Amino acid sequence: MEGVDLLGFLIITLNCNVTMVGKLWFVLTMLLRMLVIVLAGRPVYQDEQERFVCNTLQPGCANVCYDVFSPVSHLRFWLIQGVCVLLPSAVFSVYVLHRGATLAALGPRRCPDPREPASGQRRCPRPFGERGGLQVPDFSAGYIIHLLLRTLLEAAFGALHYFLFGFLAPKKFPCTRPPCTGVVDCYVSRPTEKSLLMLFLWAVSALSFLLGLADLVCSLRRRMRRRPGPPTSPSIRKQSGASGHAEGRRTDEEGGREEEGAPAPPGARAGGEGAGSPRRTSRVSGHTKIPDEDESEVTSSASEKLGRQPRGRPHREAAQDPRGSGSEEQPSAAPSRLAAPPSCSSLQPPDPPASSSGAPHLRARKSEWV
C-alpha cells in the first residue's frame, strides 16, 4: 500500500462504490429525518397519551380510544422506519469494509485475475479503477441489491404509515369501542403541530423513495459501462491474425494483377513514332516500309530493266519475287490507321515503246544467236 494506510484505503473503496445520489440520500436521511425525529418529534409526542382527553368518566374508555387512535406511537414508528431504511446501507458498508480489509491484507499479487479464475482459488471482486497505485475492488452488484431492499422498505413503511395514521392529526376523534357507552369524543393535543410534522416526514419519505429509484438507475447504467467484453482466446487471436495476413496477401496479388493488366498510355505505345515519319517499322513482320519516293524510284528502275530484257522474263521474275510473296503471307499487326504500301508483285511494268532504232538491234542479236 503505497502512500495510503488501511483506513484511507477502506474509505476510498467505500467512496468509489457509492454513487453521488447515494451520498445525497445518506445526508438527507441523517439530517432531515433522524435529527428532526429526535430533536422535534420527541418534545411533541412525549406527553401524547396524558393529554389525550375524552368526555367520559367510564373507566378504561380513554385508554381504548387512544389505542384505536394511535396503535403505534408516532415517534417510535418513525424511529423504526429510519433504522430499517438505514439497515441495508449499513450492511453494505460493513461488507465493503470487511472485503476491502481482506484484500488489503492479501496484497495485490495474491489476488487472482478475475478474467481468468483458476480452480481452487477464491475469486476476488473485479477492480475497476486505481487510486494512488491501488486497485479498488468493484462491489456494484452488492450495491444494487442493497438499493432494491432499501427502496422496497421505504415503500412498505410509507404504505403502513398511511393506513395507521393518515396524513393529518385530527383535532377531535370519535370513539365507539366498549367499554365506552355510546359515542365518545376525544381530543388530541397540539394537532396543528403534529400535522405539520407528519406532512414533513411524509415529504422526506417520498424524497427518499425517489432518490432510491434514481440511485438504482444510475448504478445499473454505471455497471453496464464497466462490464468488460468477452475475453478472446489465443486460438481465436491466431486465426484472426492468419485470416488478416491472407486477406492482405490476396489484396497485394490483386493489386499486382491490375498493374500488369493495365493498358499502356498511347504515347508509350507509339514508341516515339510520329504520324509523319518516313520510316515505320511493323512489329509483326519486321520489314521496313518504303516511302512513296523510294517506291517510285524502284518502279522506274524495274521498268527500265524489263525494257532491256525479253518480254517473257518479267513474268517469271515477278512470280519468283520473294519480297512480294512474303508481304502477302505475313499478317500485319500495325494499327488500321497506318496504310500498307503496295507490294512489288502487284506492279505491272508498262510495255516498252516500240522504236525504230531498237528493232534492227534485236534482229542483229537474233542472227548472232542463230
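Placement of Cβ uses the backbone N, Cα and C atoms for every residue, glycine included.
Considering the side of the membrane named for each residue in Swiss-Prot, Tyr45 and Arg223 do not coincide. Tertiary neighbourhood of the transmembrane segment (197-217): same-chain residues 19, 21-22, 24-25, 28-29, 32-33, 36-37, 40-41, 44, 74, 78, 81, 85, 144, 147-148, 150-151, 154-155, 157-158, 161, 165, 167-169, selected by CB-CB distance under 8 Å and a gap of 6+ residues from either end. Across the range of the topological domain 'Extracellular' (41-76), the DSSP-based residue counts are 17 helix, 2 strand, 17 coil. Sequence-distant contacts of the topological domain 'Extracellular' (41-76), counting only residues of its own chain at least 6 positions beyond either end whose CB sits under 8 Å from a CB of the stretch, comprise 164-165, 173, 175, 177-181, 184-190, 193-194, 197-198. Helix, strand and coil residue tallies for the topological domain 'Extracellular' (168-196), in that order: 6 helix, 8 strand, 15 coil [DSSP].
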